[in-house]
Amino acid sequence: MEEKKDIEQVQNNAGDKGEETGEKREQWGGQIEFLLSCIGYCVGLGNVWRFPYLAYENGGGAFLIPYIIMLCLCGIPLFMMELSFGQFAGLGPITAWRSVPIFKGIGFGMVTVSFLVCIYYNVIIAWSLFYLFASFQSVLPWTLCDQWWNKESYQNISLNASMETTTQSPTTTAGMTTSIMNATQVNKTRLVSTTEEYWKSYILVYQSGIGDPGIVLWDLVLCLLLAWIIVFACLFKGVKSTGKVVYFTATFPYIILIILLVRGCTLEGALDGIIFYVKPDWERLKDSTVWTAAATQIFYSLGVSFGGLLTFASYNKFNNNIYRDTLIVSLGNCATSVFAGFVIFSVIGHMAFKVGQNVEDVIDQGPGLAFIAYPQAVALLPVPQLWSILFFFMLLTLGLDSQFAMLETVVTGFIDEFPTLLRKRKMHFTLFIAVVAFLLGILLVTEGGMYWFNLYNFYSAYYGLLALSLVMCLAINWGYGNYRWRFNTDIKLMLGFEPNWYFKGAWMFVTPAALIFLIIYDAINSSPITYSDYKYPKWANDLGICMSVSCVAVIPIYAAWRV
C-alpha cells in the first residue's frame, strides 16, 4: 500500500513537469516507439562507419577482445543506469540532476558532448547524401579510372621508369578497378583503388594540413545544409514525430547489411579479410590505444553519457521495463557492430586479393574507410546503381536516427531547465541550435576539412566522455544514493524488483574502477593525434584536449558556483 502511494506521488511529480507553462510534457506513443528509437540511436553510423575503421586500425581481432570486455564492465551497466535515472526523473539531461544538485554540471556536460558530436556527425550524413546523389549516374563515378581525379596515379607512374605497366580500364567484370600502382617500386607507393582516389581527390580535396583549410567545397556545403534541413524537419514537432520516423529507419539497415554480407562472402579473398577480423594479434593488446579505442567506441556506439538515453527514457511511462530494453538494445547494438565488421572485412579481403597485398595494407586507415570499402562492395553487385542508392540511403537513415537523439538531447536539456522561456518556443530554439551547428560545421567541409573532422572525431568523445561517465556513476551511487542504495530502491519502485548482483556490483565498484584505470593508463601512454601520415601540430592537439575536457570541466565549475 505504501509502495503504491510512493509510485503515485512520483508519477504525479513527473506529470507536473510542464506546470510552470501550463503544458504537459510529451510522452512516447507506445513502448515500441521508445525501443525502436533507442535502437535507432545506438545502432547508427558508429556501427557501420566507426567500428570497422577502428577495428582495422587496431589489429582486427585484437580490437574485439577489449571491445567485449568493456561492454560487460562499463557499457551495459552504464546503459541501464542512464535509462533508469532518466525514466525515474522524467526530466531532461540537465534538470534531472535536481536529485543531486551539486552535480548538475554533469547534465551540462552531457549536452556539451552531444552538441560537439552533432557538429561533425551531420558531415558524415552530408557525405552519404553526396554519394547517394552520385549513385544516380549511368556509371558509378568511383568505378572509373580515366577521370581527372585519377591523374595523380598516372603521373606517378609516368615519373617512375622502373614501374611496371599498369592496366587501365574502367572496371573489370568483377567490378574491381585495376587502375593501381605497384607498391614494390622505388617510391614505395601503396596500391590505390579508384574508390579511394574518388574519396580523397574528388570529394575531400586534401590541403597541406589543419592550419590551411583552403576553400569551401560548396557541393558538400549544400549536402550539409540539406542534412540539417532534414533533421530539423523531423524534430521540430517533438518526440512524437521522431517516434513515427524510427519505425522505418531502425529496421531498414539490417536488410541491406544482410544482402551485402551474402555478396561479400562469395567474393575471392573474402576469407582472408574475415580471418584478419576475427584472429587476434595478442601483442596489440599491450597497446593502451587499443583499449581506449574499444572503450570510447562502446560509449560512442551505445550513446552512454551523451544524454540521449536519459532524454529518451524521460519520455517513458513510469513503469516501462527498462531492464528488458537495456539487454535488447545494448546486446543488439554490439552484435550489429560485429555483424557490420564481417560485411566490410569481407570486401577488404577481396580488395587485398585483387591488388595482391596484405589485408592490413590495402586501404589507408582512418574515418574514410567505410566510404572506400562500402562503395567498392556495391559496385560488385548486379545493377550497382540500385544497390548503391539503397546502401547510401541506409547510411542516411542510420545517421539521422542518432542525430535526432543528440539534437533532441541539447534541445530537451535546455527546454526542461528553462521551461517558461523556451517550451512554447521549441521550434525556434531547435532551429537556432541547428543553424549554429551548421555554421560551425562549414569548416569541416573545406579542402582541409578532413583534418578538422578527424580532430573532432578523436577528441569530442574521448577523455572528457570517460571522465563524465565516471562522475555520473559515482554521483548516482554515492551522491544521490547517499550510501543507502536509494537508486536501487527507486528502480524497484518502477519495475517491482531491484537490479541483480551484476548491476549492483558494477555500479558500485567495477565500472568506476575500470574507468579510473583506463583514464590513468591512457594518460600515461598517450601520443599525439595523427591522420594517415600527417602528424598534427602541438596547437591542434592542445585545442582537441581543450574540446574534450570542456564537457567535464563544467562539473567542478557548476559545483563551485552552487556552493
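Cβ coordinates are placed from backbone N, Cα and C, and glycine is handled just like the others.
If you look up TrEMBL, you'll see Gly40, Val43, Asn47, Ser301, Asn333, Leu398, Asp401, Ser402 marked as Na(+) binding site. The region 'Disordered' annotation in TrEMBL covers 1-24. Look at TrEMBL and you will find 34-52, 64-85, 106-134, 215-236, 245-278, 298-315, 327-353, 373-396, 429-453, 459-480, 501-521, 541-561 tagged as transmembrane segment.
Taking every listed stretch (34-52, 298-315, 373-396, 429-453) in turn, the largest tally of C-beta pairs under 8 A with the transmembrane segment (106-134) is reached by 429-453. Same-chain residues with CB within 8 A of the center of the Gly40, Val43, Asn47, Ser301, Asn333, Leu398, Asp401, Ser402 CB atoms, the Na(+) site residues themselves not counted, are Ile39, Tyr41, Cys42, Gly44, Leu45, Gly46, Thr336. Around Ser301 (Na(+) binding site), the same-chain residues at least 6 positions away in sequence with a Cβ under 8 Å from its Cβ are Cys42, Gly44, Gly46, Asn47, Arg50, Phe51, Asn333, Cys334, Ser337. Beyond the transmembrane segment (64-85), the same-chain residues lying 6 or more positions past its ends with a Cβ under 8 Å from any Cβ of the stretch are 55, 96, 277-278, 280, 285, 290-291, 294-295, 297-299, 302, 304-305, 309-310, 313, 322-323, 325-327, 329-331, 334, 337-338, 469, 472-473, 476, 487, 490-491, 494, 499, 502-503, 506-507, 510-511, 514-515. Within 10 Å of the C-beta of Asn333 (Na(+) binding site) there are 24 other C-beta atoms, taking all protein chains into account. The listed stretches are 34-52, 245-278, 373-396; of these, 34-52 has the most Cβ pairs under 8 Å to the transmembrane segment (298-315). Highlighted: of the candidate stretches 215-236, 245-278, 327-353, 459-480, 501-521, 327-353 has the greatest count of Cβ pairs under 8 Å to the transmembrane segment (34-52). Listed as Cβ neighbours of the transmembrane segment (245-278) (distance under 8 Å, sequence separation of 6 or more from its ends, same chain) are residues 33, 36-37, 39-40, 43, 48, 55, 60-61, 64, 174, 234, 336, 339-343, 345-354, 359-360, 374, 377-378, 380-381, 387, 390-391, 394, 397-398, 400-401, 404.
Within the same chain, the transmembrane segment (541-561) packs against the transmembrane segment (459-480): three or more Cβ pairs sit under 8 Å, each pair at least 6 residues apart. Around Ser402 (Na(+) binding site), the same-chain residues six or more apart in sequence whose CB sits under 8 Å from its CB are Gly40, Tyr41, Cys42, Gly44, Leu45, Gly46, Tyr121, Gly303, Gly308, listed in sequence order.
A sphere of 10 angstroms centred on the C-beta of Leu398 (Na(+) binding site) encloses 29 other C-beta atoms.
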